[in-house]
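> I grabbed these lines from Swiss-Prot:
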type: BINDING; residues: Gly15, Ile16, Asp17, Gly18, Ala19, Gly20, Lys21, Ser22; note: ATP binding site
Amino acid sequence: MSSEVRRGRFITLEGIDGAGKSTHLSFIRDWLARHGVDAAFTREPGGTPLSEKIRDLLLDPGTVASLDAEALLAFAARQQHIAEVIEPALAAGRWLVSDRFTDSTYAFQGGGRGVPFERIRALEDWVQRGLQPDLTLLFDLPTEVAAGRMAGTRVPDRFEQEAADFHRRVRAAYLRRAEEAPQRIAVLDASRGIADIQADIVLHLERLLERG
């Protein structure tokens, strides 16, 4: 008798640039490994050869794209990512942790660019067919603090070089998403010390682990 493989868990990390996702992603990787969780790690846009090419286009400061073209590119990359990486991992029982997912599109293209949420939702329904993360960790930080952290660290990409108002709209859109899906999105105050933030991360990971 063959036993059915239990579907893996899907975790996403979100936040404005400079919120510290990369630091916490490394912590999550180590924590899951210590607890015997078979997990794969990926990112958006990206995660597949085709999606990485789209990522390069989206982040290149020289790219000129209409609002709708930008949103469509994000979802084109996402569809390939889901088909090639996300769904196979989850179906095989692996946990999948992604640095950004659809909440980023609502935040950057919806909040930042002004693409209507309803238009993004229609693309989400078409591309994802009901797929949603089991847990989203939203690292929230005032935009001024985030800008200070980012200053001088590297050459800014197409989104990072946007004006302060753009990033304030992105943050507001993220918080709106959290209000709309409180059962999935955990808002973490990223202005605190790393140890305090990671203590909260552990609480959410433990709850997810207990759910099996």
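Using the three backbone atoms N, Cα and C, a Cβ is placed for every residue, glycine included.
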> Let me know the DSSP-derived helix, strand or coil state of Lys21 (ATP binding site), please.
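In three-state terms, Lys21 (ATP binding site) counts as helix.
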> Using all protein chains shown, find which of the binding-site residues Gly15, Gly18, Gly20 scores highest when you count other CB atoms within 10 A of its CB.
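Ranked by Cβ atoms within 10 Å, first place goes to Gly15.
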> Using a 10 Å radius around each Cβ and counting other Cβ atoms from all shown chains, which of the binding-site residues Ile16, Asp17, Lys21 yields the largest count?
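In terms of Cβ crowding, the pick is Ile16.
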> Cβ within 8 Å of the ATP site's Cβ centroid: which residues qualify beyond Gly15, Ile16, Asp17, Gly18, Ala19, Gly20, Lys21, Ser22?
Phe139, Leu141, Ala146, Ala190
> Using all protein chains shown, find which of the binding-site residues Ala19, Ser22 scores highest when you count other CB atoms within 10 A of its CB.
Ala19
> For Gly15 (ATP binding site), just give me the three-state DSSP call.
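Gly15 (ATP binding site) sits in a strand per DSSP.
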